[in-house]
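Colleague: The structure under discussion is supplied below as structure tokens; questions concerning it will follow.
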């Protein structure tokens, strides 16, 4: 009986842990990847600098614990909490 109870506890822990993983696009050319523990927000930011008219906007994607603060050189900033929501 103790063995069965222990097995159920282990299965529950494994299932709960799997339920909290997030997958996000990490770079524009990659397939979605699992985010590190504690980073359950996907983000995508597009920013320009003084060379934007020559090389285009810089796109950064990934996983974060908190959404980055919007800055004046960002063209856009997306933060979301569902899998693969930052293509």
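The first residue you see is number 1, and the count goes up from there.
Just so it is clear, glycine is given a Cβ too, placed from its N, Cα and C backbone atoms.
Swiss-Prot feature annotations, pasted as is:
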type	residues	note
DISULFID	24-42	disulfide bond
DISULFID	35-63	disulfide bond
DISULFID	48-52	disulfide bond
DISULFID	67-79	disulfide bond
DISULFID	80-85	disulfide bond
SIGNAL	1-21	signal peptide
Colleague: Looking at the disulfide-bonded residues 24, 35, 63, 67, 85, which one has the fewest other Cβ atoms within 10 Å of its own Cβ?
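Modeller: The disulfide-bonded residues 24, 35, 63, 67, 85 were compared, and 67 has the fewest Cβ atoms within 10 Å.
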Colleague: Below 8 Å Cβ to Cβ and six or more residues apart, same chain only. Which residues does that give for residue 48 (disulfide bond)?
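Modeller: Residue 48 (disulfide bond) has long-range Cβ partners 57, 58, 73, 75.
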Colleague: Determine, from DSSP, whether residue 52 (disulfide bond) sits in helix, strand or coil.
Modeller: helix
Colleague: Express the distance between the Cα positions of residue 79 (disulfide bond) and residue 42 (disulfide bond) as a whole number of Å.
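Modeller: Just about 6 Å between their Cα atoms.
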Colleague: State the Cα to Cα distance, in Å, between residue 67 (disulfide bond) and residue 42 (disulfide bond), rounded to an integer.
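Modeller: Here the two Cα atoms are 8 Å apart.
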Colleague: Near residue 80 (disulfide bond), which residues of its chain come within a Cβ-Cβ distance under 8 Å, counting only those 6 or more away in sequence?
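Modeller: 41, 42, 43, 86 - these are the non-local Cβ neighbours of residue 80 (disulfide bond), listed in sequence order.
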